Amino acid sequence: MRKPIIAGNWKMNKTASEAVSLINELKPLVADADADVVVCPPAADLAAAAQALKGSNIGLGAQNLDYHDSGAFTGEVSADMLLDLGVQYVIIGHSERREYYAETDETVNLKVKKALEKGLIPIVCVGEKLEERESGVTAEVVRKQTKLALLGLAESEVAKVVIAYEPIWAIGTGKTATADDANDTIKEIRAAIREVFGGAADEVRIQYGGSMNPKNASELMAMSDIDGGLIGGASLKAEDFSKVVNY
Ligand code: PGA
C-alpha cells in the first residue's frame, strides 16, 4: 500500500512572513490528514517555514537544489543547506525549470542522485507538452523522462522517489487531464520504472499535478495508480489546499 502524498508547490509566491501566516492557517486544517502533507515554499522562506512547521504533521520541501556539494555556483542552493534548515523533500525538474532555466533530463538525473545521496526525497516532475499529447506520443515522452531521471539509481533508492506526472498543458490553465487519462499515463510511468527496477515500481508514489483543486481531487485520488497530487495555484490558500489534502 502506497501512502498518498499531497504537496503544495508555491512557486515564486509568498514572502517569508506570508509563508508563516499561511502555514499557521493550514496546520489545524490538515492535522488529521491520512496523507503525507508537504509544503514547498520558495528558498528564501524555508527557514521561517521550518520554524512555523515545528511540531506539525506537515513536511517541508524545496523547489530546487544544485547537484554540486558546494563551490562557485552563484545563486544556487545545496542539499546540505536544505537539510540544515530541516527540509525533507525537493521538487526536481518542474516543467517551469525545464522551460525557463534550461534544466535537462541529464541535470534532473544529477539532482535526483544528489538528493538521494544526501537523504532528501525527490519529487521528480515529468509530463508532456500539448503538441506531444496531440501527436499521440505522451507515453513515449513520460517513459523517456522517467527512465532518464532515474538513470543509474539502485532499486532501493528508486522506491523512495516520488514522481509527479504533470501534463504541461494542464499546469495553471484550469484544464485538468481526465482522471482516466491521468491514470493511464501514470500506469505507463510505473511500467517504465518496472522495466528497469522491477518490484520497486510498486513502491514509487506517483502524483498527478496540473490544475488539481478541491473540486477534482477526490475523483483523481480514487484512481488505482494516482498516489497524490502536486498542487500549484490551489496550494496558496489554506482552505483550498486543506480540501485537496482531505479529499
Ligand atoms: P497548478 O500547478 O496546480 O497551478 O496547475 C501545478 C504545478 O505546477 O505543480
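Cβ atoms here come from the backbone N, Cα and C positions, even for glycine.
When TrEMBL records Asn9, Trp10, Lys11, Ser211, Gly232, Gly233 as binding substrate, the matching candidate from Gly55, Gly59, Gly172 it lists for that site is Gly172. Filtering Trp10, Lys11, Gly233 by Cβ distance to ligand 1 (under 6 A) retains the following binding-site residues: Gly233. Mapped onto three states, the DSSP output places Gly233 (substrate binding site) in helix. For Gly172 (substrate binding site), the number of other Cβ atoms no farther than 10 Å from its own Cβ, over all displayed protein chains, is 12.
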